[in-house]
C-alpha cells in the first residue's frame, strides 16, 4: 500500500533542502513535532552510481523516527536513475521523488533539475526508469510552474499524463525572480487540470509558506492535497506544531540537543560550519542576542559553542 494512502489529508511535509534537511535536522524537528512526511536532501544519481559513492550516500542516512521518509533524486541519466531507485528501495525508504525543479544555474544548465522542464522526452524516460527500479514504491516529482512562462497546460499537463503518485509544484518558474511571490493561483490551476484529466495524482503546493496555519488555509483556498514547507522551517523547528512564542529556555535546550545530535550522527564526517545557518532560530529576541550570535559564529567547533550557552541563561532570565 502506498504511504500516501495511509496518511490523512492534507499532507504537510518538510521540503527537501540542500545542506539543510539532513538526518540531524529532521530528528531535531521530530523531537518537538514532526510533519506528516519528510524528504531527504537531493542526491545525485550519477554520484550514487560512481566509485565516489561514499562521498554522497550520507545524504540518504536516516533514523527510523523520521519515517515516513521519501528519498529525492536528481541527475540526467535514466539508467543511473534506475540503479539509484533500486538502492533507495533496498534502504527502506517509503517513496522516491525526482527533482525537476532545482533552478540553481550549475544544475539546470546541465539539463538537470528544472533543466528537465525543457526536455519532456528525457523527463519521461527518467520517470519510467524510476518506476521500473522502485520495486513498487510510489514515485513523485517536485517541479516548478514552467521555465520562463507558466506552463500549466504544457509542462504540468505532461507530468500529469505520467500517472505519478504525487506532483509537488513550486509556485514560481525556473527563471522567475525569487523576489516575486509564489503564484498559488497557478498552483490551483494545476489541481483543476488534474481533475479535468481524471487523474488520481495528489498535488502538493510549495512556496512562501510561513506557518502551519497558513499551510492549512492554503489547502482550503487552493484545493491542494498537501503543502510542502521549506525555508520557514530553518528559522523555526517548531513550525509543524503550530506553537508560537517558544520560551527562550526551550530554545536553548533544543539548540544544545541540535549540537549534541550533530556530534553523534556526523562526528567529523560533516563540516561543522553547516550548522551556522540555524543559529538565529535559537538565539534571538532578548537584549544581547545579536552579540551572542556574532560570538558563536566565530567558534571553531561545537564544544566552543556549548561553553557559551550557560552565559545566555542569565540574559534571558531578565526578560
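Using N, Cα and C of the backbone, Cβ positions are placed for all residues, glycine too.
Pulled from TrEMBL, these are the features on record:
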- 14-306: domain 'DUS-like FMN-binding' (DOMAIN)
- 72, 142, 170, 230, 231: FMN binding site (BINDING)
- 102: active site, proton donor (ACT_SITE)
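Positions of TrEMBL features highlighted on the structure.
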| residue | record | DSSP class |
| --- | --- | --- |
| 72 | FMN binding site | strand |
| 102 | active site, proton donor | coil |
| 142 | FMN binding site | strand |
| 170 | FMN binding site | strand |
| 230 | FMN binding site | coil |
Using a 10 Å cut-off between Cα atoms, which of these binding-site residues sit near the residue listed as 'active site, proton donor': 142, 230, 231?
142
Can you count the other CB atoms that lie within 10 A of the CB of residue 170 (FMN binding site)?
26
So how far apart do the FMN binders 72, 142, 170, 230, 231 get, largest Cα to Cα in Å?
17
Compute the average pLDDT of the predicted model within the domain 'DUS-like FMN-binding' (14-306).
95
List of residues, in chain order, with Cβ under 8 A from that of residue 230 (FMN binding site) and at least 6 apart:
14, 15, 17, 206, 207, 209
When you tally the Cβ atoms that lie within 10 Å of each candidate's Cβ, which of the binding-site residues (142, 231) has the highest tally?
142
